[in-house]
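Below is one structure, written out as structure tokens; comments come after it.
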Amino acid sequence: MRFSIRRFFSAASGGAIILLLSALLGLLLSNSFLSESYFKVLHLKMPFSALDDAPNLAEFISIAPMSLFFFVVIAEIKEEIISGHLASFRRVILPLISALGGMMIPACLYGLITSGHLEVSRGWAIPIATDAAFTLPIILALGRHVSEGARVWLMALAIFDDLLGIVVIALFYASHLNGYALFAAGLITAVMIGLNKKSVQNLWVYASAGVVLWWALLVSGLHPTIAGVITGLALPSVADQPEKASPLERGKQIIAPWVTWLILPLFGFVSMGMSLSAMSFHVLLAPVPLGVALGLFLGKPIGVFGATIMATRLKIATLPKGTSLRMLFGLSLLCGIGFTISLFIAELAFSGSDFLVPAKYGILMGSLLSALAGWLWLRFLKFPAKGV
């Protein structure tokens with residue numbers, strides 16, 4: 001790994017503060033005397049004449065700049081698998097199993113709570129994600145209360161969570177498909193794979209192909225953020241000269257600061273825009289917000305911790321060094337902080353629907369409860385170095 005874990009967490013901490021402040025600003029403006037102007041700007045239609053239903057500004061931010069976010073995510077995953085903390089099966093298996101458990105149980109819990117309401121079934125994936133941008137800085141602030149091995153486990157789990165979230169978006173949140181555009185997207189992808197096989201090092205060739213791919217995917221009906229994923233996978237991870245950085249590393253170095261300091265805060269500012277005037281216990285106990293909130297606050301830790309216990313008891317994997325099950329339970333509580341990806345999936349599932357704002361209520365409620373419970377558990381309980 002090119003950077004220390006502490007440096008990685010420190011960068012995440014600074015970005016999380018800006019993201020949180022931006023989200024709070026969006027929430028404040030949407031509940032102030034400026035709310036009408038705020039929502040009017042967000043609903044401005046973008047000039048995409050090739051599309052029957054052109055996206056508004058808020059939707060455009062979710063499909064264009066966020067493509068760069070997914071590029072950075074897949075670049076991180078690729079680097080970790082090739083030469084980082086996910087480079088061996090032994091290191092991969094426990095966080096992968098934990099992430100799968102943390103995906104299935106929240107989705108099932110949401111489905112159970114919303115059963116009988118088919119119109120909200122598309123929201124099943126909202127509580128499956130863990131937001132590393134908020135989770136990692138919290139455990140950095142906890143310092144010695146969380147072992148280095150546990151931090152690495154959580155980082156790997158968050159990476160797999162993002163990867164699984166990308167797969168879910170690609171498979172379950174496509175709109176009506178355009179065969180010609182889909183064929184064009186497949187052709188561009190094949191060209192990019194060919195460039196990789198030829199070890200073409202020119203970063204801008206891939207960037208240009210990625211932009212065309214993004215447009216083809218947008219027209220095709222598949223979610224265009226997948227273009228960021230494909231571009232990240234296509235970029236060579238090895239340079240043609242030892243003293244040079246690889247195209248993948250150069251691309252990440254260029255884009256990552258923009259994602260951290262501009263794109264994610266902009267997304268938070270736009271996505272957290274919702275009126276709180278309708279919030280009440282009656283509204284919060286409706287199927288959608290309750291399903292999302294409990295999916296995050298209960299489903300996430302049950303799924304993550306349950307899968308971790310199963311993997312260790314069956315001797316499929318071992319606990320990280322210096323880590324106990326009680327410590328991992330506290331971290332499992334923090335996994336219920338779902339913000340960026342949860343909001344993103346909520347926008348996909350309920351765009352233009354009356355269920356979007358209640359879903360955001362659920363994300364806010366579940367994430368706050370998870371953060372508070374995880375912090376208190378890890379801050380005030382004492383953990384042995386081994387055992388439970």
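Backbone N, Cα and C define each Cβ position, glycine as well.
Here Swiss-Prot flags 8-28 (among others) as transmembrane segment, drawing on sequence analysis.
According to Swiss-Prot, the feature transmembrane segment maps to 57-77 (among others), an assignment based on sequence analysis.
Marked as transmembrane segment by Swiss-Prot: 93-113 (among others).
Residues or ranges marked as transmembrane segment by Swiss-Prot on the basis of sequence analysis: 123-143 (among others). Tertiary proximity for the transmembrane segment (123-143) is limited to same-chain residues at least six positions away from its ends with a CB under 8 Å from its CB atoms, namely 6, 8-10, 12-13, 15-17, 19-20, 102-103, 106-107, 109-111, 114, 150-151, 154-155, 157-159, 161-162, 164-165, 168-169, 172-173, 264, 288, 291-292, 295-296, 299-300, 331, 334-342, 345-346, 349-350, 355, 359, 362-363, 366-367, 371, 374-375, 378-379.
The annotation transmembrane segment is assigned in Swiss-Prot to 152-172 (among others).
Beyond the transmembrane segment (175-195), the same-chain residues lying 6 or more positions past its ends with a Cβ under 8 Å from any Cβ of the stretch are 205-206, 209-210, 212-213, 216-217, 219-222, 230-231, 234. Under the heading transmembrane segment, Swiss-Prot lists 175-195 (among others).
Feature annotation from Swiss-Prot assigns transmembrane segment to 210-230 (among others); the stated evidence is sequence analysis.
Counting residues 6+ beyond its ends, the transmembrane segment (254-274) has Cβ neighbours under 8 Å at 11, 14-15, 18-27, 29-30, 38-39, 42, 57-58, 61-62, 65-66, 68-69, 71-72, 133, 339-340, 343-344, 347, 357, 360-361, 364 in the same chain. As annotated by Swiss-Prot, transmembrane segment applies to 254-274 (among others).
Under 8 Å from some Cβ of the transmembrane segment (278-298) lie the Cβ atoms of residues 106-107, 109-111, 113-114, 117, 120, 123, 126-128, 336-338, 342, 346, 355, 357-359, 361-363, 365-367, 369-370, 373, all in the same chain and six or more residues away from its ends. Feature annotation from Swiss-Prot assigns transmembrane segment to 278-298 (among others).
Taken from Swiss-Prot, the feature transmembrane segment applies to 328-348 (among others), supported by sequence analysis. Counting only same-chain residues 6+ beyond the ends of the transmembrane segment (328-348), those with a CB under 8 A from a CB of the stretch are 19, 23, 58-59, 62, 66, 69, 98, 102, 123, 125-131, 133-135, 138-139, 146, 150, 153-154, 157, 161-162, 165, 168-169, 173, 223, 264, 267-268, 271-272, 292, 296-301, 304-305, 308, 319, 356, 359-360, 363, 366-367, 369-371, 373-375, 377-378, 381.
Taking Cβ pairs closer than 8 Å, the transmembrane segment (361-381) reaches residues 126-127, 131, 134, 138-139, 142, 145-146, 272, 274, 279, 283-284, 288-297, 300-301, 326-327, 329-339, 342-343, 346 in its own chain, all 6 or more past its ends. Per Swiss-Prot, transmembrane segment is recorded for 361-381 (among others).
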Positions whose Cβ lies under 8 angstroms from the transmembrane segment (57-77), at least six residues beyond its ends: 41-44, 46, 86, 159, 162-163, 166, 210, 214, 218, 223-229, 231-233, 235, 248, 251-252, 255-256, 258-259, 262-264, 266-267, 270-271, 273, 340, 344, 347-348, 351
Long-range Cβ contacts under 8 Å made by the transmembrane segment (93-113), restricted to residues 6 or more beyond its ends, are 121, 123-128, 130, 153-154, 156-157, 159-161, 164, 287, 290-292, 294-296, 298-300, 302-308, 310-312, 316-320, 332, 335
Near the transmembrane segment (210-230), which same-chain residues lie under 8 Å Cβ to Cβ, leaving out any that are not at least 6 residues past its ends? 48, 50-51, 62-64, 66-71, 73-74, 166, 169-170, 173-178, 181-182, 184-185, 188-189, 192, 348
